[in-house]
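K.L.:
This is the structure, below, for whatever I ask next.
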Amino acid sequence: MASGLEDPILERSFKGHKAAITSADFSPNCKQIATASWDTFLMLWSLKPHARAYRYVGHKDVVTSLQFSPQGNLLASASRDRTVRLWVLDRKGKSSEFKAHTAPVRSVDFSADGQLLVTASEDKSIKVWSMFRQRFLYSLYRHTHWVRCAKFSPDGRLIVSCSEDKTIKIWDTTNKQCVNNFSDSVGFANFVDFNPNGTCIASAGSDHAVKIWDIRMNKLLQHYQVHSCGVNCLSFHPLGNSLVTASSDGTVKMLDLIEGRLIYTLQGHTGPVFTVSFSKDGELLTSGGADAQVLIWRTNFIHLHCKDPKRNLKRLHFEASPHLLDIYPRSPHSHEDRKETIEINPKREVMDLQSSSPPVVDVLSFDSTTMTDSTYRAVPGKGEDICRYFLNPLLMPECSSTTVKKRPEDVSDVPSESLRSVPLAVADALEHIMEQLNILTQTVSILEQRLSLTEDKLRDCLENQQKLFSAVQQKS
């Protein structure tokens, strides 16, 4: 049996939310964790010892999903209040709000380059937004029930979505068409995601199952029935060799995708577990659930996967039918001589969890523009400028390769407002002016279209009148 040092351990726990935790994500530099909750708040936790936590207040209903941008300078959140917010992670609470859907928003996901954002909603639609151009791009409509999750592929060319209509769909982002469809007659998927190299998808099912699909051959590769209740979330290890799942049965389970078996059951939560996520380096994973706790686990097997995945691939020709070797790099595994599952229950051990309830600072959302139902359309049209949905230019991600922005390693590292080159009051005034100009431009455009239609109808009337006169003259 492997030594204890090779098994995952509970390293820390955080308490601060007042209700169930719905989503969690590590920052790209692995120094912070953001969590979302039924209490309508987001919280930002530092992994530094004795650091304070920040509670972000802005949503008016359950926060269902969140994700850091790849650059780490923004945090996107989705809520049952039908809004998506983009947060700048500082003490000012600056965020921008836009209403992209007509029903609760279930998930948000950035593309790998940070230039696109995909949202999924209970209005049965998936919407894609450009962060660089600040524009709504397009909608995807094929689901017939609530869409629970939508994710970009690693290369950004595909989107996978799952719905309560019991289907999983693959979308081509170039032609905006559904190119693949997986159906299930038993249950629906609560969560879906691509593996790190984008050749497979994994689904977390309401039927207690975890399934791995090959999207090139439209084929089910692996099926795991390891939970006794619905599976709510899953996360691939960055190298793709393993998968961690969260379930309403109160456990987090780790699967070895090379050997196709369950290797660990992590028990630390009281009640259902709703979210789980690996850190970007694979050394840590976090879980959250109905007990409002955030648990941080150290995986302790990163050294087992440290070899270059490309060198571990055995197959070099991909024209033939796919094999798991095409999908996951084969690496040495510490449990080759053991087939039983290890259950890890930290409650049985005495552990130093380093201030599980750190001091919390409330950060109220600050919006420079207040929108009412009369100032926006709930569902923007294709190509509509959504500049007014963003707080100010300082919120927009810098996509230029010549611009280097400091990553927010800690909230305290963010420069104060006095150091900004554009005063906030001036930015507010300019944004208000731009909003009014945008409305005027749209109004003029609509008037021009109506005038053109009126001219066309008048021309048709004159032509019909002339034809009528000609007919009357011929009869007389």
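From the backbone N, Cα and C atoms, a Cβ is placed for every residue, glycine too.
From a predicted model like this one, the values you see are computed outputs, not experimental measurements.
Not my notes, these are from Swiss-Prot:
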COILED    429-468  coiled coil
REPEAT    16-55  repeat 'WD 1'
REPEAT    58-97  repeat 'WD 2'
REPEAT    100-139  repeat 'WD 3'
REPEAT    142-181  repeat 'WD 4'
REPEAT    183-223  repeat 'WD 5'
REPEAT    226-265  repeat 'WD 6'
REPEAT    268-307  repeat 'WD 7'
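Give me the local environment of each listed feature.
P.N.:
Within the model, the coiled coil (429-468) shows a mean pLDDT value of 80, rounded to a whole number.
Sequence-distant contacts of the repeat 'WD 1' (16-55) (same chain, six or more residues past either end, CB-CB distance under 8 Å): 61-68, 70-72, 75, 77, 79, 87, 89, 91, 272, 274-281, 283-284, 286-294, 296, 354-355, 357-363, 407-411.
Here the repeat 'WD 4' (142-181) has Cβ contacts under 8 Å with residues 103, 106-107, 109-113, 116, 118-122, 124-126, 128, 187-194, 196-198, 201, 203, 213, 215, 218 of the same chain, all six or more residues outside its ends.
If you look at the repeat 'WD 5' (183-223), the same-chain residues 6 or more away from its ends with a CB under 8 A from one of its CBs are 145, 148-149, 151-155, 158, 160-168, 170, 229-236, 238-240, 243, 245-247, 255, 257, 260, 321-322, 324, 326-328.
Assigned with DSSP, the residues of the repeat 'WD 6' (226-265) fall into helix, strand and coil as follows: 0 helix, 22 strand, 18 coil.
Here the repeat 'WD 7' (268-307) has Cβ contacts under 8 Å with residues 5-26, 28, 30, 33, 35, 37, 39, 45, 47, 229, 232-239, 241-242, 244-252, 329, 331-334, 345-347 of the same chain, all six or more residues outside its ends.
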K.L.:
Over the span of the repeat 'WD 2' (58-97), count residues by DSSP class, listing helix, strand and coil in order.
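P.N.:
Output for the repeat 'WD 2' (58-97) reads 0 helix, 21 strand, 19 coil.
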K.L.:
With helix taken as DSSP H, G or I, strand as E or B and everything else coil, how many residues of the repeat 'WD 7' (268-307) land in each class?
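P.N.:
Looking at the repeat 'WD 7' (268-307) with DSSP, the answer is 4 helix, 18 strand, 18 coil.
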K.L.:
Kindly report the helix/strand/coil residue split of the repeat 'WD 1' (16-55) according to DSSP, in that order.
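P.N.:
Taking each residue of the repeat 'WD 1' (16-55) in turn, the totals are 0 helix, 21 strand, 19 coil.
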